[in-house]
């Protein structure tokens with residue numbers, strides 16, 4: 001392209017920067033510690049070498065990765081007079097964040113399917129969700145995430161940026177970058193809306209169908225204790241889905257609407273920081289097997 005802009009200024013947060021630095025640093029450290037701890041627990045305990053925890057270990061890995069693609073730059077920017085990021089650095093940040101964010105969205109749908117198979121066909125669960133099947137599903141998640149990131153990054157690279165270079169966000173995200181372009185952005189807007197609707201809608205639909213089948217199966221269980229035990233394995237996943245998809249849908253379904261900058265930044269904080277830090281605690285505090293492993 002013919003961009004005159006070689007760097008962007010991330011406006012981020014202009015008030016209470018020292019306080020926000022401490023808060024975000026604590027959140028990031030907790031995110032790293034909680035998710036790394038979850039991965040170590042799963043790897044070291046042979047009782048957790050089952051499909052559910054195989055997917056959970058990859059969920060923790062993705063939380064670490066896409067939080068790390070955003071937070072370090074945010075923290076350094078809060079201490080600097082200007083939070084400057086190069087053009088190539090901005091595109092790189094966006095590319096990796098898109099990979100990990102999209103992969104997690106699809107992985108959550110895969111985890112819902114895993115719960116459906118475990119409750120619907122418990123005797124055939126080990127065969128239906130064999131190691132090979134689990135690996136193929138995870139590889140498919142990463143492949144779709146990489147393709148989605150490549151499409152959007154390539155579409156942004158074809159745009160020209162003539163100035164200004166002030167990004168009203170705390171990281172490089174597609175909607176504020178598109179607004180700064182002096183090229184025709186119709187294709188970018190259509191691609192972003194289409195991909196967001198397709199990925200989020202299909203993933204949510206897979207989750208809804210899986211849980212509808214799960215509820216029908218649980219309803220057929222005669223004992224109340226059996227129903228409670230079956231559904232308790234799903235509550236942690238449902239909480240994660242609600243946090244992740246709620247903030248993502250707000251951010252991407254109406255990216256060019258009249259949302260205020262503060263609303264978009266708040267949704268992004270939930271999407272990039274709150275969900276990754278809560279996931280390991282949601283799964284550990286509500287999961288008996290993980291709690292027993294922690295005690296040992």
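Cβ coordinates come from backbone N, Cα and C, glycine included.
TrEMBL labels come from automatic prediction, so no person has curated them.
Among the features that TrEMBL reports, transmembrane segment is placed at 20-41 (among others).
Summarising the annotation, TrEMBL assigns domain 'G-protein coupled receptors family 1 profile' to 34-283.
Long-range Cβ contacts of the transmembrane segment (53-71) within its own chain (Cβ-Cβ under 8 Å, at least 6 residues beyond either end) map to 24, 27-28, 31-32, 34-36, 38-39, 42-43, 93, 96-97, 99-101, 103-104, 107-108, 110-111, 114, 134, 137-138, 141, 170-171, 240, 272-273, 275-277, 279-280, 283. What TrEMBL lists as transmembrane segment is 53-71 (among others).
As annotated by TrEMBL, transmembrane segment applies to 91-113 (among others).
Residues or ranges marked as transmembrane segment in TrEMBL: 125-151 (among others).
What TrEMBL records for 190-218 (among others) is transmembrane segment.
Marked as transmembrane segment by TrEMBL: 230-253 (among others).
Under the heading transmembrane segment, TrEMBL lists 268-286 (among others).
Counting residues 6+ beyond its ends, the transmembrane segment (125-151) has Cβ neighbours under 8 Å at 51, 54-55, 58, 94-96, 98-104, 106-107, 110, 114, 117-118, 191, 195, 199 in the same chain.
Non-local neighbours of the transmembrane segment (268-286) in the same chain are 24, 27-28, 30-31, 34-35, 37-38, 56, 59-60, 63-64, 66-67, 70-71, 97, 101, 169-171, 173, 232, 235-236, 239-240, 243-244, 246-248, 251, 294; each lies 6+ residues outside the stretch with a CB under 8 Å from one of its CB atoms.
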